[in-house]
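Chemist: Could you have a look at this structure, given as structure tokens, before my questions?
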């Protein structure tokens, strides 16, 4: 792959490394998205920054590639990581060949390939940032090693390539920039062959004016200046991208970061030997080392300080001997130390706090230096004749045990439950782990078991606000409102308290503010506590004026309290914070509907659909608003939106019902019948769909087809008065079944004795049966119920005139044949049922309340049609 016999990596070695990587990590393909991996869902689709405002666009790009080819199939993401780890192992072998012999370098690469500390970086999907950054880091270093020509001149093209690769490494993960430091160490102590005493001597001579800088030193300085300036530019650009904002961490993420002196310094220094021990003995690995995992070192008398002293002593010993001498062993050690120390500095907490105490994945690059040291030690031991076999046996056992540990550790990442329960075996003092096991059980709807873990989290860390919130939420899921409220109140009591008249600043984790939202959402179920809930929302807003969710929740509450203007203002304030939130525009449109402003509501529905063209509720309600407007110009767009809605919700009968209603409005009877039948097939006994399908048949002169539909309607809804009226009308006027019609109208009156329409139509039945006295009595009773209905008064007058004429002619006033007698002529007709029934509130909570202008106009049309029919009846009777 490169020039020089010691630097060549053979295909056999590549196959050996990749085979070993596959053997150790093939079972990771069975793992899902766990822990931080859940952010991949958003990364793949939307985001370029993730995990504490880190800017890692190249890593994000690979996630998007994964999504492009396999969407959210976890196996493809894990496979990609395994491939990247194999590439890193090959590049690392190539780097080792610069400092070690062929055998020792292969031992270092094999140890790196199987080391269990890497499972978090390889099997954890978000660990890809480490893998990608390492590839570019190693490539940048290899490029830089070619920047010195055979005549010791500067070769600029490798330096330019190094700068590009450093930028790429940094765009994968921030620590990639530390390769510049590794290149500087290589240039000074390996390429130029300086030792620390030589550097001091040269500097002393220059300061004393005895001599200028040697040419070799000037060349070195020039190369390093170029690297440093490039590094500074990268840092400046990155700071500008994240707008100079440092991530916010809480004391639960890193307790030592908010501890006083000397606790902070003692603890952070103690973490160095802890990390070193994980490299030496990776037998107890844990996915989360935050909170109380590692107790604070609060005193100089703490025995753990001995571990810190031992670590620094050993590190100092190695550094002293490697920087003092020029032989190849010293160069190997100094480069191993540079790979251990420099990439770890950003995560060390020594210069600035980070959001974790220990993180195994950040040891991915430092472990390279560790593996070089182990291989270098193996080289010395194996060259001693009596130790050769023993050293090979030991390295074989080490590689085997590490490979087995890695393979077994992968199974811990199979699911969140397995991952966090394995972590609890290592550490029971981390409340976050108890919470995460609870979350895993909660996701399985196993609330009773989840509650036990959440409660244990509160016992391990009594001041953990999130744990008490979890307890409250779980009690709520178990329908234990009182216990839920008590838990939320405990969490609320742990929040910083507002002191009236005093200004002060404090840091609050954004998710902890949800305690106000959760508590308010809980108590607002009680109508008498709505004002109390509103006070909680306002308190959350006072603590964080840009708390969007508080405005959204408060807007919903104010809408419930019928404070429409305040609800509108709350949503408008939320939109100032986020104008790209389709849900906010939708909620504002609902407020507009309640405020009787349909045009503004439609505008806001349209805003929501511009942001999310498949926003289901906006599609449905905007189409419904267009349908109810009574404006035919809106119907095609309403139809398109309902069609899009049923694509999104193919099992929701309401969408098909409204498509049927639109088709009825447009006199497209075939389409209307098809949509109504589809709605009924999805929702048996769909009240409004059954009635309107029967009505459609009745209006289309298909009364016989309407009857079975009405029978089904009345089987599911025997109290459906309009259905009974329509059925009675069809039986009497089209089937000449006065007995069946009479049964329908009598059922109506049993349910509602004051129903004028049913009462009047029963009177018509009596008239059809030629029972004029009973018809007269019935109409008198109807007139008493509706004294202002002129058609009832006219019908009563007609019946009485008929009775007078028959009495004068000596005819009997009651037919002997009664109900079975066929009417000799069509004298009276019942008042027809209303021509349609809209989807009522019992069918869907999507329906807006109140009658639209179209409905009012339709009612007037129906009333006019009914009066016209009465005029025809009068004309027939006058002729008689």
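Every residue, even glycine, has its Cβ placed from backbone N, Cα and C.
In TrEMBL, annotation is done automatically, which means it is predicted and not curated.
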Chemist: Ranges 771-814, 815-858: which does TrEMBL label region 'Disordered'?
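Modeler: When 771-814, 815-858 are checked in TrEMBL, region 'Disordered' belongs to 815-858.
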Chemist: State the non-local partners of the transmembrane segment (75-96) in its own chain: residues 6+ outside its ends, Cβ under 8 Å from one of its Cβ atoms.
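Modeler: Same-chain residues near the transmembrane segment (75-96) but 6 or more away: 1-2, 7, 9, 13-14, 17-18, 21-22, 25-26, 28-31, 33, 37, 40, 62-63, 66, 69, 104-106, 108-109, 112-113, 118, 121-123, 125, 127-128, 131-132, 134-135, 138-139, 141-142, 368, 371-372, 375.
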Chemist: If we skip the immediate neighbours and take only residues 6+ beyond the ends of the transmembrane segment (362-381), which ones have a Cβ under 8 Å from one of its Cβ atoms?
Modeler: 92, 95-96, 99-101, 103-105, 107-109, 111-112, 115, 117-118, 121, 127, 130-131, 133-134, 137, 175, 178, 275, 278-279, 318, 329, 332-333, 335-341, 343-344, 347, 387, 390-391, 395
Chemist: Does the structure show the transmembrane segment (221-241) and the transmembrane segment (333-356) touching, where I'm treating 3 or more Cβ pairs under 8 angstroms (sequence separation 6 or more) as a contact?
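Modeler: Output no: the transmembrane segment (221-241) is apart from the transmembrane segment (333-356).
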Chemist: Quick test of the contact rule: Cβ under 8 Å, at least six residues beyond the ends. What residues does that give for the transmembrane segment (125-144)?
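Modeler: Same-chain contacts beyond the flanks: 2, 33, 36-37, 39-40, 50-51, 54, 56, 58-59, 62-63, 74, 77-78, 80-81, 84-85, 87-88, 91-92, 94-95, 158-159, 161-162, 165-166, 168-170, 172-173, 175-176, 178-179, 182-183, 186-187, 343, 361-362, 364-365, 368.
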Chemist: In the same chain, who gets a Cβ under 8 Å from the transmembrane segment (333-356) while lying at least 6 residues past its ends?
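Modeler: Residues 52, 98-99, 137, 174-175, 178-179, 181-182, 185-186, 189-190, 247, 249, 253-254, 256-257, 268-269, 271-272, 275, 289-290, 315, 318-319, 321-323, 362-363, 365-366, 368-370, 372-373, 376 contact the transmembrane segment (333-356) from elsewhere in the chain.
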